[in-house]
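To keep things clear, I will list the structure first and then write my remarks on it.
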Amino acid sequence: MSHQSDLIETDIDAYLAQHEQKELLRFLTCGSVDDGKSTLIGRLLHDSKMIYEDQLEAVRNDNSKHGTTGDKVDLALLVDGLQAEREQGITIDVAYRYFSTAKRKFIIADTPGHEQYTRNMATGASTCDMAIILIDARHGVMTQTRRHSFIASLLGIKHLVIAINKMDLVDYSQETFESIKQAYGEVAKTLGQENLYFVPMSALDGDNVVNKSENMPWYTGESLMEILESVQITGAKNLKDFRYPVQYVNRPHLNFRGFCGTVASGEVKVGDEIRVLPSGKTSKVKEIVTYDGNLDKAFIDQAVTITLEDEIDISRGDMLVHAASDVQMSNRFKAHLVWMSETNMAPGKEYLFKFATKVTPGSVAAIDYRVDVNTFEHSSIEKMELNDIAVVELALDQQVVAESYQVNRGTGAFIVIDRLTNITVAAGMVIDVLEESSEAKSDFSAFEVELNALVRKHFPHWDAKDISKLL
């Protein structure tokens, strides 16, 4: 089978230009173990003619050694890249795949199904616009289905495709499809998910993946590919509120001072009056500079360099917003936290918190409750362990611009970094901005404060609390 475009062999520049203006859709696949995630992705790539002859030949050669589908070509081998994945027949790491059709470009995040890889799935879901949740038609809605749906909802994914797979093993039964559809509807109602698309399919045989199935004439809806090509996902992004975290101050010579970064949300035009946070100083946009020339307007996700009419002291970590924007800064937040480290988290330990380009020390002041991702029940805990998801209260040393993740992904997401190892130990989503603490302060002598600072600097593994915050 050949690639869908002959241009890639004859004129690579023309091929790239052809795809440059297409809209990009990022989606992830998730489901229980052996629901067919990797097979589905392999089928998407195969039927949309995005596989080269040598790739397909390699899969045929590996089929006898690692294949799990008998005489049929195991398309999952196209995407199960790690040797351990192939040998166990499961997905372990998040694998990103790229393909395109005549209408759209796609990035797929193939995420693990096992509960011990919850952190991997959360990572894959963080940049996606849509989730494909696979359900085995023989087993229906399972505990893992609820877990994946909860994580997708937590990460702000508004569009869910419920792919009821392996319909060939239940004789393409409409009754089975309707039963699972009703059962999942109850789960979605609990999570407040409304944009649902149900598709009966067989990824192994290709039914309703790219092409409509002749085995299920009772299904009159769209195939999976038709949904992927037509779904409108602009509503999931904040196109209104301009937020521009400064990543780098570019000063190549005395006559140029530009502020580099990526537009986190909204848009900005030349001449717009902007405000710099945290300083609060205002100016107007003079130029929007890119490698390909200046722009009149910059949109969400565009990487640009902005210059201002006035000389203002701006550094990495500052945020540019429209002057009229009502933006609240604080150093206390309520947030969902996904713990990704094998080292447990205890409230009060000091970490680095990274909001966009802003990094500040801080700690988890309190754990409100842990969320059971399988049952959605809440429980009290004293510390967070690997793959735990909890609602916590953050106390930061410095004020930052942060908003609810459900309102603005660009300013509502953050990561937590261990100060000693520099390893990312958690990812979080802001739920609410809290008022600054007005708790009663403790009294410590200057010597005690100085000694505490010395201990925290030279013996960070002791996890000493910063008593200066209690003054």
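Each Cβ is built from the backbone N, Cα and C atoms, and glycine gets one as well.
So that you can see what the record holds, here are the features copied from Swiss-Prot:
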type    : residues                : note
BINDING : 31-38, 110-114, 165-168 : GTP binding site
DOMAIN  : 22-237                  : domain 'tr-type G'
REGION  : 31-38                   : region 'G1'
REGION  : 89-93                   : region 'G2'
REGION  : 110-113                 : region 'G3'
REGION  : 165-168                 : region 'G4'
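Around the Cβ of THR111 (GTP binding site), a 10 Å sphere holds 27 further Cβ atoms from the protein chains shown.
Reduced to three states, the DSSP call for GLY31 (GTP binding site) is strand.
Neighbour list (MET167 (GTP binding site), Cβ cut-off 8 Å, at least 6 residues apart, same chain): ALA137, SER173, THR176, PHE177, PRO200, MET201, SER202, ASP207, ASN215, MET216. Counting residues of the region 'G4' (165-168) by DSSP class, helix then strand then coil, yields 2 helix, 1 strand, 1 coil. A sphere of 10 angstroms centred on the C-beta of LYS37 (GTP binding site) encloses 31 other C-beta atoms. The average pLDDT the prediction assigns to the region 'G2' (89-93) is 52.
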